[in-house]
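Annotated features in TrEMBL:
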- 204, 205, 206, 207, 208, 209, 210, 211: ATP binding site (BINDING)
- 183-560: domain 'UvrD-like helicase ATP-binding' (DOMAIN)
Ligand SMILES: Nc1ncnc2c1ncn2[C@@H]1O[C@H](COP(=O)(O)OP(=O)(O)OP(=O)(O)O)[C@@H](O)[C@H]1O
């Protein structure tokens, strides 16, 4: 096999590539200058000229950041006997006058750079053959390196793709998630380009790039090549498990050119939709599972939580609302005089039976913006047709009916708020039985309160296990989706991170809130920390997302061999899945700091570990503790040991780089050049509890390059 990478000056094409690069930079600058010159953006009249000028300015602003690195790779293709080289960059550029066009990574052709395919069928014209794929490292308008990934003149695959990847993975971490546009791997490329409009579940082990790929898929979805499925960034949403991670991940957005995407947590989204931003969301099931030793009660809490998130609950709620609204209709009627131009006053009347008929139609139509809005529309349109209102008077009739309609709809619907209604339903065995979907045992289970021993906050609160039910009430009454001003519309695309933690009911609701087929779920069934609120398998999710496929990412990229191996040892105790394949990247040995407990506990050991990590060249360093209070206390105490670590202990904190100290629950999803696991022992991470072993795994898998385990006394047996 030929040598994949030649030193820059020895690659035979280095000079040619250098010339092409300076040609491209010059062409881009010329184009930007042209766009910025308002005198040259002339339309037929002043107004058109202004519009053209603004548009050109926007084009210039979009292209400008890419001049310093116009592309990162190229493809040599042969089509109809002619050879052609396509340059691939982060932003498309059309050189109308010369050979310096750049195709965008997320276009149809861009895909050829990442895939292993050797054939190519353009939209028009005859089939082509890929002759060469080449990586071009460019920085500050300078060509640094030429690496051939595939070259049929060198015998095909050169091994270059792996080398380029390894170089990238050697880099230090940053304060935000990074794009991997230049080194996207073939299986990731396939997952990212899963057909637009088809829901997809991307399953992958920790560090396989799921979250990264989810964001790239979103960017890909906004490319014009997606046609009718194209998504607008501002109409997309990403849900992430906590706000620290959401902010960290959102830093990838500008790189991908999709700045206005909403990145938030399911709780924030839900409470916002319910209009209850101040509501405190608890997870009392988790508290019980972690503190209660009574296995019967634990099992009960688990089963109840699971049932609350069961997809059948959607229809249980629907039947309940149907009964309530019908009951509220009793005795209601509408009788309203309506003035019409040139005709004597008409009276619009609706008796109870007519109202009931309309309600039935509205339930059958199941409008996205909810039954209340649907009922208003139904009554209005009936009024317009029975009174034979001419088109130019429709608005006036709607206005005349507005107040009496609001009053009437208030009587039918207003006694319902999502919180009270969901709780009323749960408190009524008869209502729970009405749909016939739940068994007697299940109804009895919903009537139990295994969490009674777990305290509730003083503020208004809701438990994370009740929220899907409340959202279901909201979806049927007020609607669910994206609020644009006052109108509700479906999201263009929704990405779910840690998708193994979303209940089937939540999936059903998110499906309603999003354009059909536009959900991308990223998760790892084996990393589930919260099985009681998640699905039991991906099949349960597929049942809620019609047509969804599960794609598996088989490789992991985050850490060195030494760190990956250590993590695998912990995961093997609970994970029955096949071993994952890590990129074989060599790094420092895992450092172990254990000493008998002295007066200062493990503080001197941690301080030493920080110094050692810094001496090894790392700047982004995390000390991971088991609990938030440990982190808080330790941050303070470490100052005495000449160590300044910023605590990240609430969701309001942000990771800005440097040395930080944070509890494992907030560390999940984040990564650091170096990580130090504090109290890495069996007293802190109980060996007999699977949940604790999972937490230990999360702590030990945050580092890219350098990992230290610290304990006074013996280290945890799984990592000693
Ligand atoms: N193709 C790639 N090229 C370079 N780096 C990559 C590639 N794919 C993934 N990575 C890197 O691997 C690391 C893990 O990626 P990411 O956080 O997206 O994984 P994940 O599967 O979501 O992990 P977790 O389950 O732990 O949250 C990141 O540093 C990411 O930049």
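Every residue gets a Cβ built from N, Cα and C, even glycine.
TrEMBL annotations: computationally assigned, not manually curated.
Since the structure is predicted, the reported quantities are computational estimates derived from the model, not experimental observations.
Taken residue by residue with DSSP, residue 210 (ATP binding site) is part of a helix. DSSP assigns residue 205 (ATP binding site) to coil in the three-state reduction, outside any helix or strand.
Taking the mean position of the Cβ atoms of 204, 205, 206, 207, 208, 209, 210, 211 as the ATP site, the remaining residues of that chain whose Cβ falls within 8 Å of it are 524, 553, 556, 557, 558. Within the same chain, residues at least 6 positions away in sequence whose Cβ sits under 8 Å from that of residue 209 (ATP binding site) are 180, 185, 188, 553, 557. When other Cβ atoms within 10 Å of the Cβ of residue 208 (ATP binding site) are tallied across all protein chains shown, the result is 27.
Around residue 207 (ATP binding site), a 10 Å sphere centred on its CB holds 25 further CB atoms from the protein chains shown. In this structure, the binding-site residues under consideration are 205, 206, and the one with the smallest number of other Cβ atoms within 10 Å of its Cβ is 206. All chains included, 25 other C-beta atoms sit within 10 angstroms of the C-beta of residue 210 (ATP binding site).
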